[in-house]
């Protein structure tokens, strides 16, 4: 036997694995490839190429295994070098290791394990469908008991739910409530309240150019009298009259309109010589801002300008709010007012004026009424979605028809709503009225997952077992429904960080219900789909059963427009064929690409343009139904009463030496800075310090002397009781805080209000 010299081999730790394979020509050695099957095994290495020692002549070197074999007799007579003489163990040749290392980036680190997990889950659902169907139903029944805690008659606080939790306005209000008192039973002042009082408002619009004539005032006076005569009958037989619940200034109810009251007292009042915005009547100034709209002013007159015309008038009926018992009675009277105001206007048969109304309860009541209209729409939405799902999954093939599965998919989304809402109601999460809109979102997501799973089911073979088909379905839909669900849930749970409580509650309810929707899709709905798969098998066996008599009838009933489906084939929806064969090629053509890019550019431009024209703020008309009575009220208010806005408090929060001339000058300069704002009417500023200094000087008192300044405050307040709640004096006779008022103008929109605050 010739001697074979082995080639240098690798180190022991790099020594390749050898496999011996017997063949007709003798034993051959192959080297196994270390690469993955996806790349294909490297061609096996043939017998080792060896050579004789140079000093010893011998047979030619060994041929490679992949060399062409001789044909005919030559092939059978081909000698084998390693035929009968195996190499000694110590001289076993070692082949040269040929290694190919390819660095691969694995991008399926999430998809692969998720798909395997869902594959296992699908197998379990297919093998035990009843368990996965009944368990979610029992869970829904248990969690659904949480609806017993659903608030029915509890009044939702709109301010608490729809204003920022840590807003600076709330902190400022707490400061005002802690340092300044009010009294709506004796000295009511609407501008000095830190919270909204109970009220009823009537806007009267004249059919003529002006209502400043005795005949129109007479009709308005009749309307005012009818409103004040309203009485609420209580269960115990007593009545609530307007005079019992009205806010009072001294002994009288606050007048709904100061000029109307002056005319009612003196019918000879000349309505053509009224000055605006302040009218001096009998030595008492009447502030008419906010009470007359659609004005035309003339020349200067007294403390303002001559009021030539006024198209509209406001009547404001303020009610007691501070005492809880009084507030309850006031709200009962307002509820009765809303029920009777239409009857009043119809009974009076008003010919010269048009009347619209609004109350402090209207926002709450109309918002709740609008939300209740969602319930019928909610039922209609579920019916329409069921019809759409059933129609989309309908097949003339009775085996692959998924109408019942589609209907149950919608029911599964409904079960998720019941479970999610019930769980959170058990926990005690507040149920705000906008949460009623959440089921529409849940329905859309649930139906989307349903269609994905049904589409994957149609791609399985009828010949496979139910567990295997469910396993294939779950492995295909794992990534799509899981990733979309995670992103949706995270998006809503991120909304919990919002500063609005209503948004927080909405996001908690929606995110939690989406989680239940995902859970029910992969359990309850999957189990129903597995049971329907068993129906497919039974139906297919029945159709294939040899029965010549009923064969044609079965085919006609189950497949009126086609043949029996191939149990080894898959089902393709016509919509898939449309997108594959028609829309896809159309969209990938050159002309379509240019057109799509052009449309997308227009879309981006219009989106950017819209972002710069977003209107801030909330229009209350959008919270009510189109036929609500508050819509015409806000229309009239916007047309005629939008020029004068709210009165703004200017508060001195610290102790200062008001008797110091320099301090007073700084305060005066501060007020002047506010008055320079284009949205402030400087002629209507009200500050107690200016009036008090004039009072002291008028009485020949020195305002710069501390004792004189402090000791004369009680006399000043007795003569000017309007300022009584503007000064906070401690028991040690020190002024802890004080406030003044400025009148805003032309701040009808939220944007203007924001500009006014930050100027």
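Cβ coordinates come from backbone N, Cα and C, glycine included.
Annotation source TrEMBL lists region 'Disordered' at 1-95. The compositional bias 'Pro residues' feature in TrEMBL is assigned to 1-13. The transmembrane segment annotation in TrEMBL covers 369-391, 403-425, 431-452, 473-496, 508-531, 594-615. Positions annotated as domain 'SSD' by TrEMBL: 374-531.
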Message: Take the C-beta pairs under 8 A between the transmembrane segment (508-531) and each of 369-391, 403-425, 431-452. Which stretch has the highest count?
response: 403-425
- request: Using a Cβ-Cβ cut-off of under 8 Å, list the residues of the same chain that are 6+ residues beyond the ends of the transmembrane segment (431-452) and lie near it.
  value: 150-151, 156, 161, 367-368, 371, 374-375, 378, 381-382, 385, 389, 392, 405-406, 409-410, 412-414, 416-417, 420-421, 424-425, 477, 480-481, 484-485, 488, 501-502, 505-506, 509-510, 513-514, 517-518, 520-521, 525
Message: Within the domain 'SSD' (374-531), what mean pLDDT does the predicted structure show?
response: 87
Field: Close approaches to the transmembrane segment (369-391) from elsewhere in its chain (Cβ under 8 angstroms; 6 or more beyond its ends)
entry: 403, 406-407, 409-410, 414, 433-434, 436-437, 439-440, 443, 447, 450-451, 623-625, 628
